[in-house]
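One structure below.
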Protein chains: 2
Amino acid sequence: MSNSREPFRERIARAADAKKSPIVLALDLPTSKRNLPAFAAKTIRAVGQHICAVKMNFHLILPLSASEISRINKLVHSYGLQSIADIKLNDIENTNEVAIDHLTRMGFDAVIANPFIGKGGLAALVQKAHKAGAGVIALVYMSHPGAKEGFGLEVGGRGLYSEFLERATGAGADGIVVGATQLDILRQVAKQQLPVYSPGIGAQGGDAEQAIRSGADYLIIGRSIVEAAQPAKVAKEIQSRILLSVRK
Amino acid sequence: MSNSREPFRERIARAADAKKSPIVLALDLPTSKRNLPAFAAKTIRAVGQHICAVKMNFHLILPLSASEISRINKLVHSYGLQSIADIKLNDIENTNEVAIDHLTRMGFDAVIANPFIGKGGLAALVQKAHKAGAGVIALVYMSHPGAKEGFGLEVGGRGLYSEFLERATGAGADGIVVGATQLDILRQVAKQQLPVYSPGIGAQGGDAEQAIRSGADYLIIGRSIVEAAQPAKVAKEIQSRILLSVRK
């Protein structure tokens, strides 16, 4: 990682363009899987042509060592893809900075953080990440049913997510997360300058085309691809459907 | 881990009693340290008699493998101490459950979570953890300056932390986190039945005795012990000061 690199935001846009796919593969492998690194590699090889990035959550980050994660990230990069660490960082400044250090050493290109930590903390995190050549994607509205009890709280006469959006913009974040199950919010944030990442497609009930039409720039898709009998077939189908949808 | 074990809440109370110490050592090792597992082990051996638990954050959880963490947890247990994973979990139900699976397999006794995820998500997390013989400690008010922009938000005419406290109680959490820098909040929550864990002692400006007098049950102390030239001396001094303070 070096600060002379092209910014994350441009790297992932270029990857999406090259692959003709806005799909971020969430490598959410079940705990029951044996040999997680091999299964992760097999999945990346299978769908690498149909996605622009890979996102890893605790499914891999907890059980695997730093060197195993590094090897996966090298494979991700060899396919011209970006890699995102989804630990929904929400800690004190010192811990967030240490996390960025470790994650960038493992080859991650971006980290997902929760603006709940406050403006200053988020800004410090973005600065630290940018220095390391990495990006920060800020949560604005998650996809689960309980999301309204956090991001949907009414604070000062408006949804907390509006405040989070302002914090993300103010901090210079490289993107925001808005669940594909929240189409109204997607339409609202689509007017912003920040790229929108939408999780919750498939297993959680969100629809890929609807999300794209509502303003999502990237679709985060996990279980419906990863747990499919033929991941490449499913990924390619979603990719084609989105391409058709965009052409409409 | 098995659900026939004594609950986490009782295990840590017993450890604190046996060691005559409410100190939870935050093993927040700087990224510059070489051979983190050896340094962690050395620190645990040095201060094991003056603490009741060890808390690990991304400082160790990101760079170390599951087997390295397991070995540290075995050492922690051999000193009669409890082990807490501080990843401030704030994700969808599926991911939280996968995280609990991995963490309990590594020998952690409890996990820290953010009630921001909503009542249902927190309750599901606590149920899952209890089944695995582990506890959940819920954030109620963190110690950093930006904490007021999250936990301190006014929602429905009161601080969001009050709502988080209700969520923690309702979900059957095993403890709550309130920063030692927030003495007023500490005094408010001290009337509750839930054990209170207070971080922010030392490096962040909180005072051990003040926190205990204000209602903290456990003190989370990291850098002031871990980065000391003589960690055991510092830990023993804090332990003695707290014991004297309690006797007053």
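Even glycines carry a Cβ here, placed using N, Cα and C.
Here the structure is a predicted model, which means the values were calculated and not measured.
The Cβ of A:Asp86 (active site, for OMPdecase activity) lies under 8 Å from the Cβ of A:Ala26, A:Lys55, A:Met56, A:Asn57, A:Val111, A:Ile112, each of which sits 6+ residues away along the same chain. In the three-state DSSP classification, A:Asp86 (active site, for OMPdecase activity) falls within a strand. Summarising the annotation, TrEMBL assigns active site, for OMPdecase activity to A:Asp86 (among others).
Contacts of A:Lys88 (active site, for OMPdecase activity) defined by a Cβ separation under 8 A and a same-chain sequence distance of 6+ are given as A:Ile112, A:Ala113, A:Asn114, A:Leu139, in order along the sequence. The annotation active site, for OMPdecase activity is assigned in TrEMBL to A:Lys88 (among others).
Positions annotated as active site, for OMPdecase activity by TrEMBL: A:Asp91 (among others). Long-range Cβ neighbours of A:Asp91 (active site, for OMPdecase activity) (same chain, at least 6 residues apart, Cβ-Cβ under 8 Å): A:Ala99, A:Ile117. Look at A:Asp91 (active site, for OMPdecase activity): DSSP puts it in coil.
When secondary structure is read from DSSP and collapsed to three states, A:Gly222 (substrate binding site) falls in the coil class. Here TrEMBL flags A:Asp28, A:Lys55, A:Ser143, A:Gly222, A:Arg223 as substrate binding site.
The domain 'Orotidine 5'-phosphate decarboxylase' feature in TrEMBL is assigned to A:22-238.
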Task: Intrachain C-beta neighbours of A:Ser143 (substrate binding site), sequence separation six or more, cut-off 8 angstroms - done: A:Gly179, A:Ala180, A:Thr181, A:Gln182, A:Ser198, A:Pro199, A:Gly200, A:Gln204, A:Gly206
Task: binding-site residues compared (A:Lys55, A:Arg223) - the one with the fewest other Cβ atoms within 10 Å - done: A:Arg223
- [ ] Sort out the sequence-distant neighbours of A:Gly222 (substrate binding site) for me: same chain, 6+ apart, CB within less than 8 Å of its CB, listed by position.
- [x] A:Leu25, A:Ala26, A:Leu27, A:Asp28, A:Lys55, A:Pro199, A:Gly202, A:Ala203
Task: Cβ-based proximity (under 8 Å) of the recorded positions A:Asp28, A:Lys55, A:Lys88, A:Ser143, A:Gly222 to chain B, or none - done: A:Asp28, A:Lys88, A:Ser143
TODO: Determine the Cβ neighbour count for A:Asp28 (substrate binding site): the number of other Cβ atoms within 10 Å of its Cβ.
DONE: 24
